[in-house]
Amino acid sequence: MKLIIAITGATGAIFGVRMLDLLKNTEIETHLVLSPYATKTIKLETKYNIKEVEEMADYVYAYKDLGAKISSGSFLVDGMIVAPCSMKTLSSIRIGLADNLISRAADVMLKENKKLLLMTRETPLSTIHLENMLYLSKMGAKIFPPMPAFYNLPESIEDIVDHLVYRYFDQFGIHLQAAKRWQGLNQK
Ligand SMILES: Cc1cc2nc3c(=O)[nH]c(=O)nc-3n(C[C@H](O)[C@H](O)[C@H](O)COP(=O)(O)O)c2cc1C
């Protein structure tokens, strides 16, 4: 399987980083693009530097490299995750702007009817944000904000992050052994 992972400048860079970390050394090929603001949130919010994050991916592309292979619908890829997805990137995907490799690759996913998962992150949400999400949802994108669950009794931030990351992977049929799954109220 080949997956494009894009990290944009919304808070929550750790989600995209954790995905790369879990997929490194697996048979899943990762293709990474970082927006300029993602490089800032990675430095601010995580213990990793940009080199370490890039080394987790199989392939890394420059944000402005619109000539990269993932910019083309002819490149065979299974889907794309934008984690986290800022409201700016959300809006550029919604209008098909395609002026950087993240919005272009997402545009390609939509035109090729491939899986596009947007971990949209902002709060509170304006009508503009909600309308952009609704529009893209109707086009087939999966709108999946990072909303924590508590039924699994997380003990750390890592638990909360991992639970969500496993749910994102489920969307692509990637089912990791470590994922804790709800067993029913009487099974606790
Ligand atoms: C620390 C930090 C946190 C941010 N968090 C968010 C956020 O949660 N959601 C959002 O839409 N924008 C957020 N922003 C603003 C985006 O980074 C900004 O809109 C930027 O233009 C997004 O560009 P990009 O999508 O190309 O990364 C944040 C910025 C900073 C510096």
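Heads up, residue numbers simply count up from 1 along the chain you see.
Including glycine, each Cβ sits where the backbone N, Cα and C put it.
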Need a hand: TrEMBL gives G9, A10, T11, S86, M87, K88, T89, R121 for FMN, which of S35, S156 is also on that list?
S35
Have a look around T11 (FMN binding site) and count the other CB atoms within 10 A of its CB, chains all included.
15
May I have the list of same-chain residues other than G9, A10, T11, S35, S86, M87, K88, T89, R121 whose Cβ is within 8 Å of the Cβ centroid of the recorded FMN site, in sequence order?
T8, Y37, P84, C85, L90, E122
Across the whole of the domain 'Flavoprotein' (1-167), what does the mean pLDDT come to? Round it, please.
97
Test of understanding: give the count of other CB atoms lying within 10 angstroms of the CB of K88 (FMN binding site).
15
Maximum Cα-Cα separation (Å), residues G9, A10, T11, S35, S86, M87, K88, T89, R121 listed as binding FMN:
15
